[in-house]
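Asker: Got a structure here, written out as structure tokens. Questions coming.
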Amino acid sequence: MEEKMKYDINMEKMPAHIAIIMDGNGRWAKARFLPRTAGHKAGVETIRKIVKEANRLGIKYLTLYAFSTENWKRPKLEVDALMNLLVTYLRGEVSELDKNNVKINVVGDYKKLPEACVNELEKAMNITGDNTGVNLNLALNYGGRNDIKNAVVEIAAMCRDGKLNPEDITEDIIKNHLSTAEIPDPDLVIRTSGEQRLSNFLLWDVAYSEFYYTDIHWPDFDEEELQKAVYSYQNRDRRFGGVK
């Protein structure tokens, strides 16, 4: 039986790609007099729910900002806890994600993560690589500026080696050298916990994305809140810089 939705969502007008800045784990924990790590653990439970709901709604791409290049500045104990949570999540969820036809991808310089994380990520990508449901893109050791910088370095090397004329550089060529090359630009970007900034997330890719901000902390963001964000998106007029 199809699950009833609170919001009148048009299943024919779903955003193909939703990207989420999962903010507020620490504030959620602080409000409950809990350590920040408790907030991160609660946030993992939300990931489980939102991935399942996105798959049910027919979302093709779901990108989660899991660990930024700036997050290395956090206390070592917190960073270590986040890395351990990633390994635990992957080990515990891959078989279920695979069963639900979810395909796991990674954007960002993930090979600089601890070896255990890299091994589990590559194992997960290998196991789910042929799946055709929602593409779950984990942004890990990701920064929008760093991604663009890496693309510039690669393109500059091609020009230096005579493989590309500078005059022939196009937006598509730049996109193809980003870690998001295989992913379409987000239709909808969601940020939880009340902040209204990009925090170096998908800087090239969100030029014409719609933005949805909510005061709800990530651990409290649930299926109904995702539906609410999609409903808001569907009631906007996307112009892509033009006039209608």
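In case you wondered, yes, glycine gets a Cβ from its N, Cα and C as well.
No curator has checked TrEMBL annotations; they are predicted automatically.
What TrEMBL records for this protein is below:
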ACT_SITE  ASP23  active site
BINDING   ASP23, GLU210  Mg(2+) binding site
BINDING   24-28, ARG36, HIS40, 68-70, TRP72, ARG74, ARG191, 197-199  substrate binding site
ACT_SITE  ASN71  active site, proton acceptor
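How buried are these features, and what lies next to them?
Answerer: Proximity of ASP23 (active site) to non-local residues of its own chain (separation of 6 or more, Cβ distance below 8 Å) is seen for ARG191, THR192, SER193, GLU195, SER199, HIS217, TRP218, given in sequence order.
Non-local neighbourhood of THR69 (substrate binding site): GLY108, ASP109, ASN141, TYR142, GLY143, ASN146, ASN200, each in the same chain, at least six residues away, with C-beta under 8 Å from its C-beta.
Spatially close to ASN71 (active site, proton acceptor) yet at least six residues away along the chain are VAL79, LEU82, judged by Cβ distances under 8 angstroms.
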Asker: Per 10 Å Cβ neighbour count, which of the binding-site residues TRP28, TRP72 ranks highest?
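Answerer: Within the set of binding-site residues, the most crowded position is TRP28.
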Asker: With a 10 Å radius around each C-beta, find which of these binding-site residues (GLY24, GLY26) has the fewest other C-beta atoms nearby.
Answerer: GLY26
Asker: Please list, in sequence order, the residues in the chain of LEU198 (substrate binding site) that are at least six apart in sequence and whose C-beta is under 8 Å away from its C-beta.
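Answerer: Those within reach of LEU198 (substrate binding site), by Cβ under 8 Å and sequence separation of 6 or more, are ILE21, GLY144, VAL206.
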